[in-house]
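Taking it in order: structure first as C-alpha cells, then the write-up.
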Amino acid sequence: MRQAIMSYQNLVSEAGLTQKHLIYGDKELFQHELKTIFARNWLFLTHDSLIPSPGDYVKAKMGVDEVIVSRQNDGSVRAFLNVCRHRGKTIVDAEAGNAKGFVCGYHGWGYGSNGELQSVPFEKELYGDAIKKKCLGLKEVPRIESFHGFIYGCFDAEAPPLIDYLGDVAWYLEPTFKHSGGLELVGPPAKVVVKGNWKVFAENFVGDIYHIGWTHASILRAGQAIFAPLAGNAMLPPEGTGLQATTKYGSGIGVSLDAYSGVQSADLVPEMMAFGGAKQEKLAKEIGDVRARIYRSQVNGTVFPNNCFLTGAGVFKVFNPIDENTTEAWTYAIVEKDMPEDLKRRLADAAQRSTGPAGYWESDDNDNMVLSQNAKKYQSSNSDLIADLGFGKDVYGDECYPGVVSKSAFSETNHRGFYRAYQAHISSSNWAEFENTSRNWHTELTKTTDR
C-alpha cells in the first residue's frame, strides 16, 4: 500500500498552495472522502420547481448513495436512501414522478412517501407480530434545508446550518437566486460519465477562468459572445472586470463583471443583455449598485464539494463521484422565473448545447478532466501540483466584497480556499475538529510570505 496515504495530514500544503497529485486517483483516499467529505457536508438534491406538488419526487445522489427526494402532503421535503430495508434492493427506478408511496420490486414491501413501512405481503401469515414496521422505514436524510428554492441535504447533525455553510457565497448568489424574482431549474438533468476525479471538475468551476482563452480557443474564435477577445490567449481580461472570493467552508465564487450572457450562443446576447439591463436598473435601487452589477454578471462557482454553476449562462451542475477515477456529471439549466417562456427555452437549450454531455464547451473541458488519470502513475502521483497564481494579493475585509477576495479574474484564490477546506476535512474526524483547524482560515489564505 502506498505510504498509507500519508495519514491524510499533508496532501495539501498550508494555504492550499500545493496538492499531491495522488489526491485525484487513490482508491483508499476516495473511500476516506466518502466519510469525511460527502457524509459530512451539504449536498445539492433538487429545486422546488422540480417537485412542486405533494407526492412529487426525484432521485438524487449524495456521494455514491442514491436518495429519493419527495414533496410531502404538508409541503415539506424529505429524502430517503433508495434502498429497501428488507434485502437492500433499489426501490425506485424512475428518475422522477408522482406517487403516494414506493413499492420494492423484489418482495413487494411498500413504503409511504414519508418513508414509513406501510405494507408487507403476508405479514401476519409469515411474520406474525415479529415485524416492527415503525422501526423499518426507509433510512432518512436527517437534515434538509433550502436556499431560495435550491434544496440541500446533509447526513451530519453537527454541520452548520446551510446559510452559514454557504457563508459569503450567499451574498454573491442572492442577487440572482433571490432578488431577481427567483429561479427555476430545468430538468431532468442530462447525464454523462467521464473518466476523471470529481475534484477536477469542482476546481474547474470554482475559479478557473485562466483556462478559457486557451482550452476554448476554437469556440471563442467561432464567435462565442462575451469572452471572444480572449481566444488563443490573445489578451488578459481588462483590469477591474473580474474577481474571485473564497470562504471558510471551501465554496468559491468567480465574477466576470457585466458578462450576463456569458458563454452562450451569440444570437442570445442582445435579448439577454436587454432583459438583464432592465432588471439591473430596478435592482440597483433595491440592493445597491455593487450587487445589482453582480446580478448582470456571469458568476461561476462551486458550493463545496461538488455543486457547480454559471449564472448568466444558465448552467447548473452536480458532479457525482462514482470512484476515484470516474464521475457522473449532471447538467441542468437555470432560468429566471419572469423570463419570457421562449427565452427560457432558448437559454435552457443553449446551456445544454454548450455544457451538456455533447456540449462544445464540455468536450473541451473533459479533455482536461482526464488529467486525473496521471495520478495513478507511480512517479507522477507523488509530485506537487501548484495553485499559487495571485497568492499574496488576496484580501479579507474588502469594503465592497465579502470573503477572501482577489480583484483579478485570473487567480487561483478559490483553488486555495477549496483545498484548504478539503485538507481540513480529510484530516479531521468531525466538525468540531474542522472548526478548530479552520479558526484562522482567512489569515492563512491572505499571507503575503512563506510561499
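Quick reminder: no glycine exception, Cβ is built from N, Cα and C everywhere.
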Among Asp56, Asp65, Asp365, which residue does Swiss-Prot name as a further Fe cation binder in the site formed by His211, His216?
Asp365
The predicted model's mean pLDDT over the domain 'Rieske' (42-126) is 98
Based on DSSP, tally up the residues of the domain 'Rieske' (42-126) by helix, strand and coil.
7 helix, 36 strand, 42 coil
Counting only residues outside Cys84, His86, Cys104, His107 in the same chain, those with C-beta within 8 angstroms of the [2Fe-2S] cluster site's C-beta centroid are Arg85, Arg87, Lys89, Ile91, Tyr106, Gly108, Trp109
Inside 10 Å of the Cβ of His211 (Fe cation binding site), count up the other Cβ atoms and send me the figure.
14
Among the binding-site residues Cys84, Cys104, point out the residue whose Cβ has the most other Cβ atoms within 10 Å, with all shown protein chains included in the count.
Cys84
